[in-house]
Amino acid sequence: MPHQITNRKRNYDRAASIGRSFLSEGLNALAYVAGGLIFLIGSVFFLPAFEQYAAAGAWMFIVGSVLYLAVTCSDFVENILHFRHHPPRSRKAFFEFGSSALYLIGSLIFVIGSVLFLPSLELKSWGGGCFLVGSTIFVIAACINVTQITQAGSLATLQMLNITAICFVVGSVLFLVASVPYLWGGSGSIKTILLSYMGAQFVAGSFLFFTGGIVNAYRAYRVHQSHSSTGARKSGGERSSATATTTR
């Protein structure tokens, strides 16, 4: 699944206060958590033991995919706004914008693939193909985007960025691998084995997306706390300087 990583401070509204900026980034982070949880529940319904709930699983995937599409749209718009005021002049900046665009494309393909998994359409092979293409795009984008992890405010923040990146990269690879058997078909015991294999891969991948989302949300909270503390210290220092000047 997509997850945009950047070393710079995200700003969804250039005129926003620290609190409003954190609210925007916090909602963004929570969307990743919710998306991972929805995919995790939906993946369980793809296991043979829950085959009667396949329609519910497909709908869960649709909701999760739309949620990821919304958050990647938000990230892409934020990238456009940032680069409108700070034109990209370095390779890293172009990589950031390129990975954001790939995440958006991959998310859209995933929405289409999730719809094709609905039992009423009976187009699972096409849905699997969309998942295969979308997952491949996510892996490529993640490999490009991971080069953005070069610095952070603290070692703990850097480690959380690395954990988040690993969770989303490995999760995308698991979804890619799980999508391939849908192109083969099968029947009888072979079909059951394939469904068990694919369902397990989807569950494992979704669990990693959920875990990565939680780590990312905690990282966003810690970064906000750090920025708030820095802002408070600066304000206190400015007030002290102003008071000293007035006293003189």
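Using the three backbone atoms N, Cα and C, a Cβ is placed for every residue, glycine included.
Keep in mind that TrEMBL annotations are predicted by a computer and have not been checked by a curator.
As recorded in TrEMBL:
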- 27-80: domain 'YrhK' (DOMAIN)
- 95-148: domain 'YrhK' (DOMAIN)
- 228-248: region 'Disordered' (REGION)
- 29-50: transmembrane segment (TRANSMEM)
- 56-81: transmembrane segment (TRANSMEM)
- 101-120: transmembrane segment (TRANSMEM)
- 126-148: transmembrane segment (TRANSMEM)
- 160-184: transmembrane segment (TRANSMEM)
- 196-218: transmembrane segment (TRANSMEM)
Between 29-50, 56-81, 160-184, who has the most Cβ pairs under 8 Å to the transmembrane segment (196-218)?
29-50
When secondary structure is assigned with DSSP, how many helix, strand and coil residues does the domain 'YrhK' (95-148) contain?
47 helix, 0 strand, 7 coil
In this predicted model, the domain 'YrhK' (95-148) has a mean pLDDT of 88
